[in-house]
Amino acid sequence: MGVRNHRLLLLRHGETAWSTLGRHTGGTEVELTDTGRTQAELAGQLLGELELDDPIVICSPRRRTLDTAKLAGLTVNEVTGLLAEWDYGSYEGLTTPQIRESEPDWLVWTHGCPAGESVAQVNDRADSAVALALEHMSSRDVLFVSHGHFSRAVITRWVQLPLAEGSRFAMPTASIGICGFEHGVRQLAVLGLTGHPQPIAAG
């Protein structure tokens, strides 16, 4: 079996108090809520049903991702800042409506963040994450435990779209995305797989 027979899975961390409010959470350490902890456990049950092939688990260094991995019953093989969330810089802790009070058309996918990461920087980091996954996929499945925006960035670059198209993918808390190949073409096979109900976000 080779790289085209294996999968890249992405697991977003469970719910936090900031994620429920839509606050941009990059490097700030926030704990999972009780709901988030349950979500992580349910995600672990789902992963157990996916018949993964000797998966290597690579995790962001943030506490919320490490706790999600532990609650999901995963053994983390590598912790790396490569999978950290978008650095929101001056916008850390703010919601999109708050940011748009001063920059009406702002979208992280097209504008980036002052004093944080630009779109180009996240694009390059996502490409590096995809390359890392492909290195391991020659012999096994790969599971990234990461964050909402960065997981969407990886998915976008996996399917070789411009990073701005990441705005079109949803990644609810503790949800799973699965990337793979069909006839040699990189594809997104599954998105938003959860073991818990998720409301549809408005606007």
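Cβ atoms here come from the backbone N, Cα and C positions, even for glycine.
On a predicted model such as this, the values are computed, not experimentally measured, just so you know.
In Swiss-Prot this protein carries:
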ACT_SITE  HIS13  active site, tele-phosphohistidine intermediate
ACT_SITE  GLU85  active site, proton donor/acceptor
SITE      HIS147  site 'Transition state stabilizer'
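Location within the structure of each feature annotated in Swiss-Prot.
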residue	record	Cβ neighbours (10 Å)
HIS13	active site, tele-phosphohistidine intermediate	33
GLU85	active site, proton donor/acceptor	26
HIS147	site 'Transition state stabilizer'	25
- HIS147 (site 'Transition state stabilizer') versus GLU85 (active site, proton donor/acceptor) - Cα distance in angstrom: 5
- Item | Distance, HIS13 (active site, tele-phosphohistidine intermediate) to HIS147 (site 'Transition state stabilizer') (CA atoms, angstrom) | 6
